[in-house]
Amino acid sequence: MKKKIVHPIVLAILDGWGHTNIQQGNAIKIAKTPTIDSLIQAYPSTLLAASGQEVGLPKGQMGNSEVGHTTIGGGRVIQQELVKIGNSIVDNSFFNNLELNEACEYANNNKASLHLIGLCSNGGVHSHIDHLLALIDLADSKQVTNLYLHLITDGRDTSSNSAKYFIKIVADHIEHKQFATISTISGRYYAMDRDFRWSRTQAAYNILTSNNSIKLNASVNYGDLIDHYYNKGISDEFIPPSRINLGSIKDNDAIVFFNFRPDRMRQIVQAFVQKPFNCFATKPLYNLRVVTFTNYDTSLNTTIAFHPHILNNFLGEVLYKYGLKQFRVSETEKYAHVTYFFNGGAEEPFPGEDRELVSSPDVTTYDLSPDMSAELVTQKSISAIKKAIYSCIVINYANADMLGHTGKLKETIQSIETVDRCITELLDAVSKLNGTLIITADHGNAECMFTDEGNPCTAHTTNLVPLILIEGEQEAISGHGGQVKLRNNGSLADIAPTILDILHLKKPPEMTGKSLIINSRYETRNIEKTSIEL
């Protein structure tokens, strides 16, 4: 029996690849990208909203990888945790949150301490400083006796030297609250590692659980501490874990981890709650009450303050229900995004969903290896394409985002040129199977490498992102015998419906996004799409 050849749809997500016509500091425009440039000229393309309300964030809030992949995979706008928690503060339901109130009461009943741990900035990607301030107010209202703040400095989703600004907001907020103390400071490089570089996590853990201080010539207050590292060329992200006041975590204490995004909190939380924990030596701590803002991982024994939405019929689930095979591939930095987030928070793959994890380079920062593992990701993708069994292949290229975060223009340009070469190889493999290649991005970053003042810009942007549709036979999905046309004013929520449109599959009612194809053969010829009970 002759094997059936599947003509795949390959979705290549170029992480951090935004669009702007501004040339200065635009690594994407400066880079030589002959393949992508030629594809934009030769094939249908459009620009998509990837930030703000179009992806379930507050108006004007930059997009990010978690939100981007969730929106792409979901085919709908989902209210994000940043908005959900922010709204709860506005309507005061935050202060009635059972789990947060119980954490305060636990500390009081045990004559112990409450510890708040999280990223201290207004970046809105992993956390928000407003949530921290609300937690402090809640602790005040519950008459917590000892409140210790363990602040993680940002420098990626905010400017690289903004830590003092944000910590001052916190310091001013607790100035007349004698029960509250800023205890430790740590750069996110250490406290928020997600790549199993356990020595970084260990450094953060040790400072949280020990009252030993890093000795400095200057007096230890947050301003002096940060200036000490600035003078050594160390920016916010890389500030070593440092203690500035007493307040280590002890038996019977309560801890609230207030990041709402899970991926960069899992390792540090594991060190406190996972038994046995074998990644590094930990301090015996008993009777801790650990609360996380959101569900960081189903395997972690924590109390969850804000329970997740129940999300059904994401693209992966729909493909599974139609009996189609799919493949996901990325390197370590973005693996969770093409799997967990793309599937709406489902940890396990659906039947028929294969996954491939490619290790990211073992370097301190990615400007030391701008190519990252893009070539190996490409080879794994091509191998999957050649099998001719997958109807949908989802790939993430991490380069533009991870290099954009370094603020290094030259290295970011190199990384973008690497991705362009990889797209050349990918396109050749897709074309040989008469498949469809969709190139898009989850948010902007590398197109804006400098601030208006000329300083390095390491944060994401609110810019639109491109989408290019390369179909071997455009007439196959066009309703008028010519090239496919794509509409404007779309968003990331429209990508999954577009994929289902090309596959001639009916989208589920949960997918409120709409196909980007204007002249789909199914609409112009009134052809009924394949449908099953979803």
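Yeah, the Cβs are placed from backbone N, Cα and C, and that goes for glycine too.
The Mn(2+) 2 binding site annotation in Swiss-Prot covers Asp15, Ser65, Asp442, His443. Positions annotated as active site, phosphoserine intermediate by Swiss-Prot: Ser65. Annotation comment: Swiss-Prot describes His126, Arg156, Asp157, Arg188, Arg194, Arg261, Pro262, Asp263, Arg264, Lys334 as substrate binding site. According to Swiss-Prot, the Mn(2+) 1 binding site annotation covers Asp401, His405, His460, on the basis of sequence analysis.
Taken over all pairs of the listed substrate-binding residues (His126, Arg156, Asp157, Arg188, Arg194, Arg261, Pro262, Asp263, Arg264, Lys334), the Cα spread reaches a maximum of 17 Å, rounded to the nearest whole number. For His460 (Mn(2+) 1 binding site), the same-chain residues 6+ apart in sequence whose C-beta sits under 8 angstroms from its C-beta are Gly16, Ser51, Met62, Gly63, Asn64, Val125, Asp157, Asp401, His443, Gly444, Asn445. Highlighted in sequence order, Ile13, Gly16, Ala50, Gly63, Asn64, Gly68, His69, Lys334, His337, Asp401, Ala441, Asn445, His460 have their Cβ within 8 Å of the centre of the Cβ atoms of Asp15, Ser65, Asp442, His443, the residues recorded for Mn(2+) 2, and are not part of that set. Cβ crowding, taken as the number of other Cβ atoms within 10 Å, peaks at His443 among the binding-site residues His126, Arg194, His405, His443.
When the neighbouring Cβ atoms lying within 10 Å are counted for each of the binding-site residues (Asp15, Asp157, Asp401, Asp442), the highest count belongs to Asp442. Distance from the CA of His405 (Mn(2+) 1 binding site) to the CA of Asp442 (Mn(2+) 2 binding site) is 15 Å. Sequence-distant neighbours of Pro262 (substrate binding site): residues of the same chain at least 6 apart with a C-beta under 8 Å from its C-beta are Thr292, Thr294, Asn295, Tyr296, Asp297.
There are 22 other CB atoms within 10 A of the CB of Arg264 (substrate binding site), with all protein chains counted.
DSSP assigns His405 (Mn(2+) 1 binding site) to coil, not to a helix or a strand.
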